[in-house]
Amino acid sequence: MSDSISTQLGNIKHIILVLSGKGGVGKSSISTQLSLCLAKKGHKVGILDIDLTGPSIPRMFGLENRQVHQASSGWVPVFTDESQNLCCMSIGFLLQKKDDSVVWRGPKKNAMIKQFLSDVCWGELDYLIIDTPPGTSDEHISVVEYLKDANPDGAILVTTPQAVALADVRKELNFCKKVNLPILGVIENMSGFICPHCEECTNLFSTGGGEAMAHEFGVEFLGRVPIDPSLTLIVENQDSSPDKDLIKKYSASNLFKVLSNITDKIIEKVSLKNT
Amino acid sequence: MAVIDKPENAPEHCPGPSTEQAGKASACEGCPNQKICATAPKGPDPALQFIKERMNSVKHKILVLSGKGGVGKSTFTAQLGFAFASEESVQVGVMDIDVCGPSIPKIMGLDGEQVHQSLSGWSPVYVQDNLGVMSIGFMLSDPDEAVVWRGPKKNGIIKQFLKDVDWGDLDFMLVDTPPGTSDEHLSIAQYLKESEIDGAIIITTPQEVALQDVRKEIDFCRKVKIPILGVVENMSGFICPNCKGESIIFAPTTGGAKKMAEDLNIKYLGSIPLDPRIGKACDMGISFLDEYPDSPACKAYLDIISEIKKQFTD
């Protein structure tokens, strides 16, 4: 079994997990934005969504009604663009109706994750970004276990600045330490909102907590991402918008500059590891 | 047990994995699960009887659910708890079954508290005389410790929360849950089946990325036959404290929770605006409703809470 995982993941240069102990802090949104930035910089990127009971990746890329195809070498991931630089895999592509709930206990979830790793033919990729559900349970233990031989580069932890979220993210940091998963850094999401009427910045969920935590744990702080409703609009209006090129639309937004910086830091960090 | 009687991909004449015949019937021949079924303990879980006895003294059991994380399940549960308990004669219990990311201790101002053992079981931690709380957060030696548990261990602790905690006589038990539709949710539904859940309150935020997960949760409730008391839309709109201008943070591009509730024919309880003071109150572990009674968010909370109360006084 693990042989087939190494075969399928053999041509992937870097594997990065996006984790958070807390839900709704923007794991999928950060995964999406990182992928878009990496693709914009000319890399080939794959995204694997292992949030089985609440997959968000199909919606983020406007791929909700797409299906996975079977080829002789395995499942073909869904490509987002014609240049075939960005592809995704999610349980969302395997459901008959999109509102169907996936009511699965641990063992079934683990089997699905194993299948995603051993049966999807990613081909040659520069980066594989793995988007995860919140917590430190079955999905997380399994993915780390199955990826052991593939030698993942590490994890990016996403948090929001308030203490209630940080409390859970600290647990996730300790999880990474327990399972010996290197931590590439911490991103503080939803940090401040600039009122479009008066330009006053309000810290909806406080600010600075992520950075303080990163220092405390001795891990790198990758940056602060503000709340920007325009991202939701870009994502949600994909169906109606005539321009289907998400990479182009995203790179015109204000968030692109912020994430582009963070992406550069990550690229630098993982390239160091290989030399 | 009856939640899943028979696996969907079982052989045609599968006797059901929890029956006497499991693993022994002729239909089991060649089934990959035969060995597991034949050796697994038979009959209903003996703990269910204890849970039923314990839960006899709890009048109403309400779950707070959402398919999506970080939409405010714990915040809502805590505020609902504070609001119910503001009447001295009403006994309230809050049970936090988010095993990997418990937020209730912090939000209710009980950080660092410990659970005590007595003859009648574990004692909940009390915020005030009529508001008891139980969470795995009270059992960790270090608050940052990761609870790296797979499903069966999580189910075990949930069972213990129901069976071994000395809740006493309660008017309301509020159950705060983790996001998703997996072990924790199946277990609580299964363990409380005999003692009947009054219903679930579904929390969501307005954007479609959240709603699509919440629809799954509603589908789950229907599958396991938990009645839905209603849907609350949290974080809808933000009023700038500086200029009072309103902004939409999480755009309801598909009509928000209200439209979803109409489409799925469930009750819409109301919406709560984003207010940075809610987050601050949670970080400090104080009741937002007591602290900022004049804020629009507080009014929204109270309206929703009275809607919920109404369902229990009829």
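The chain as shown is numbered from 1 upward.
From the backbone N, Cα and C atoms, a Cβ is placed for every residue, glycine too.
Per TrEMBL, the range carrying the annotation region 'Disordered' out of B:1-25, B:26-50, B:101-125 is B:1-25. In this set, none of the binding-site residues among B:Cys14, B:Cys28, B:Lys73 has a C-beta falling under 8 Å from a C-beta of chain A. By the criterion of other Cβ atoms within 10 Å of the residue's own Cβ, the least surrounded of the binding-site residues B:Lys68, B:Lys73 is B:Lys68. Reduced to three states, the DSSP call for B:Cys240 ([4Fe-4S] cluster 2 binding site) is coil. Considering other CB atoms within 10 Å as the measure, the emptiest surroundings among the binding-site residues B:Cys14, B:Cys28, B:Cys37, B:Cys243 are those of B:Cys243. Put plainly, the binding-site residues B:Cys31, B:Val71 were compared by Cβ crowding within 10 Å, and the winner is B:Val71.
When the alpha carbons of B:Gly70 (ATP binding site) and B:Cys31 ([4Fe-4S] cluster 1 binding site) are compared, the span between them is 41 angstrom. Cβ neighbours of B:Cys240 ([4Fe-4S] cluster 2 binding site) (same chain, under 8 Å, six or more residues apart in sequence): B:Glu246, B:Ser247.
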